[in-house]
Amino acid sequence: MPPATGGGLAESELRPRRGRCGPQAARAAGRDVAAEAVARSPKRPAWGSRRFEAAGWWALLALVTLLSFATRFHRLDEPPHICWDETHFGKMGSYYINRTFFFDVHPPLGKMLIGLAGYLSGYDGTFLFQKPGDKYEHHSYMGMRGFCAFLGSWLVPFAYLTVLDLSKSLSAALLTAALLTFDTGCLTLSQYILLDPILMFFIMAAMLSMVKYNSCADRPFSAPWWFWLSLTGVSLAGALGVKFVGLFIILQVGLNTIADLWYLFGDLSLSLVTVGKHLTARVLCLIVLPLALYTATFAVHFMVLSKSGPGDGFFSSAFQARLSGNNLHNASIPEHLAYGSVITVKNLRMAIGYLHSHRHLYPEGIGARQQQVTTYLHKDYNNLWIIKKHNTNSDPLDPSFPVEFVRHGDIIRLEHKETSRNLHSHYHEAPMTRKHYQVTGYGINGTGDSNDFWRIEVVNRKFGNRIKVLRSRIRFIHLVTGCVLGSSGKVLPKWGWEQLEVTCTPYLKETLNSIWNVEDHINPKLPNISLDVLQPSFPEILLESHMVMIRGNSGLKPKDNEFTSKPWHWPINYQGLRFSGVNDTDFRVYLLGNPVVWWLNLLSIALYLLSGSIIAVAMQRGARLPAEVAGLSQVLLRGGGQVLLGWTLHYFPFFLMGRVLYFHHYFPAMLFSSMLTGILWDTLLRLCAWGLASWPLARGIHVAGILSLLLGTAYSFYLFHPLAYGMVGPLAQDPQSPMAGLRWLDSWDF
């Protein structure tokens, strides 16, 4: 039903109505007061019959939705080449179609949906998605772009309906819809194969559903109440299933739910049984249901990606054994470690990888200028080591020698198979971790010195026990210095190929960084056993995948020539992001928010904090406000406060993050700031019209103000739309460029 309109306010209506629902009725009364205040200030002409009113309401919603879809699908096929992060998420869609396992720092739902959209639209998963600028040619990419544009198009009607419910004002909802429809940044993000439109779709769906079930507070346990509560849970699962920043909307819904239950608990007209039912309903719909759906996405993810792929090395040996095509899948290898075996040694901390060396030396000034030793996340011949006795160079694989097993407490030497240098440590400082010792490759053809000797120990085992491949948790103790071989997890600079640092730590505290296991094991003199017994259970797989994702997320670093940004840059629209093209002959797309929209949003946040504080202080001091002002104040504080909380939760946590950040991370927060702008300016204009009621033209202030904002937003979109739809010709620095006069900040690089 459309929002209620018409009617004046009696003073008594500002007091909460008492009834069976207590606080629920009070909140419902507050919404009724707000609705009637908005309807009265300024007075609006009657719509006529309710049928005509409903038809007008639906027509406006249809218009908003149609305009959103039209702007998002316009020129969707251009440019016909890879733009920005399409190279990642398009490739991951291909992996799903080909059922190839990969690693990503985000949960799988968004990529799964992209892959499904590509599959249903005829894409065969054969395009390589190697780098931005590669042409799609005959490959079908429109299905994946169209899917993202479809979800991105719903952001506008979702925001429209959310603001309409919070403010009971069509003009506030229309202004919000215009801000998002005509924002070049939201438009650009919605037109490409990216996770952002999918994430924002679920965030806005959760916000709308939460607002809707709040509006049903006076009808608890009714069918609409259950529907919107359940849909909120589904949307929360979707948001978290796309990116971990979905936790921010979960936090917002959680805070709203806690406040709701607190009010219910304080309503003495409700029995504790009824309060218990409310609590149970929210636990089921907002905790159990989202967790079940979130877990189900991972179950599908692991079921579909059954083939070995580029993500194997990030995971444990047992995890890899379940992937067909992996050398550990259905494999048979010798069970016990013996001298002469060729092995790979994997660190047990997630996302550290294999002990690795290569022919490159540490640079001048970084410890001893000897061969680098690192850890590497991928399978590689440089991960292979030969385990030998410390005091002999004889070949243990010689048929004339009997098999001799490696035992707990043995003194060994690890010789790098490709370079024939020994694993070595000494008292020089490690390159990144200053209190640790450097680890290098040293010697010629296996001949080195006593700094190449290590004592191999099995964690929690007695001396003399054999060492089992894959199952034994082992440590390497350097014989001369007494330090323990480990990986700090720190990424080396370019001279270290951005692999991870290996050190020898003098602190013998047992951590996963210094515990290893033997994975690959080649020894022709030993019998093999099957590895099927090692395959992990689903809960173990789920836990491991989350540990790897969290570690990978925190370790993200910027790539060469990549435009990163800081959170304080984002609200001021300080710097955009190049999606495609670098010169005047390229088809250029530039991610930048419509400056009129963004700066209006920034101004609105400041104005809201000022006006909201004044109103809150006045009400707290017991000021008797006129009915119209009180109703509008309720809208501003409650509706505006809800979306301001959303903006705060989706923006400020980024200041605490250590990972690399980009401009596009701000867009979920931008959705909330646009909704705040719609509510704020509609309310302020109504208050102005009420305050100037004696002025003959007062009734037109609200209409003129909203119309001016709508037209200004549309005109700014007309000026800046080439940023989203593409530019060709001189760059904006050239006076001959049609965009030259629009480069309002020197930091804009279009």
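Cβ coordinates come from backbone N, Cα and C, glycine included.
Just so you know, TrEMBL annotations are computer predictions that nobody has curated.
Because the structure is a prediction, the values reported are computed rather than measured.
Here TrEMBL flags 334-390 (among others) as domain 'MIR'.
Residues annotated as domain 'MIR' in TrEMBL: 403-459 (among others).
According to TrEMBL, the domain 'MIR' annotation covers 464-521 (among others).
If you look up TrEMBL, you'll see 1-26 marked as region 'Disordered'.
The transmembrane segment annotation in TrEMBL covers 52-70 (among others).
Annotated transmembrane segment per TrEMBL: 142-163 (among others), in sequence order.
Beyond the transmembrane segment (194-213), the same-chain residues lying 6 or more positions past its ends with a Cβ under 8 Å from any Cβ of the stretch are 84-86, 89, 106, 109-111, 113-114, 148-149, 151-152, 154-155, 158-159, 161-162, 165-166, 224-225, 228-229, 231-232, 235-236, 238-239, 241-243, 245-246, 249, 252-253, 256, 642, 646, 650, 664, 667-668, 671. Feature annotation from TrEMBL assigns transmembrane segment to 194-213 (among others).
What TrEMBL lists as transmembrane segment is 225-251 (among others).
What TrEMBL lists as transmembrane segment is 281-305 (among others).
Residues 179, 182-183, 185, 571-573, 625, 633, 636-637, 640-641, 644, 647, 670, 673-674, 676-677, 680-681, 684, 709, 712-713, 716 of the same chain lie 6+ residues outside the transmembrane segment (596-619) yet bring a C-beta within less than 8 angstroms of a C-beta in it. Annotated transmembrane segment per TrEMBL: 596-619 (among others), in sequence order.
Sequence annotations record features per position, and here TrEMBL assigns transmembrane segment to 639-656 (among others). Same-chain neighbours of the transmembrane segment (639-656): 34, 162-163, 166-167, 203, 207, 211, 245, 248-249, 251-252, 255-256, 567, 570-571, 605, 608, 612, 665-666, 668-669, 671-673, 675-676, 679-680, 683, counting only residues six or more beyond its ends whose CB sits under 8 Å from a CB of the stretch.
For 701-720 (among others), the entry in TrEMBL reads transmembrane segment.
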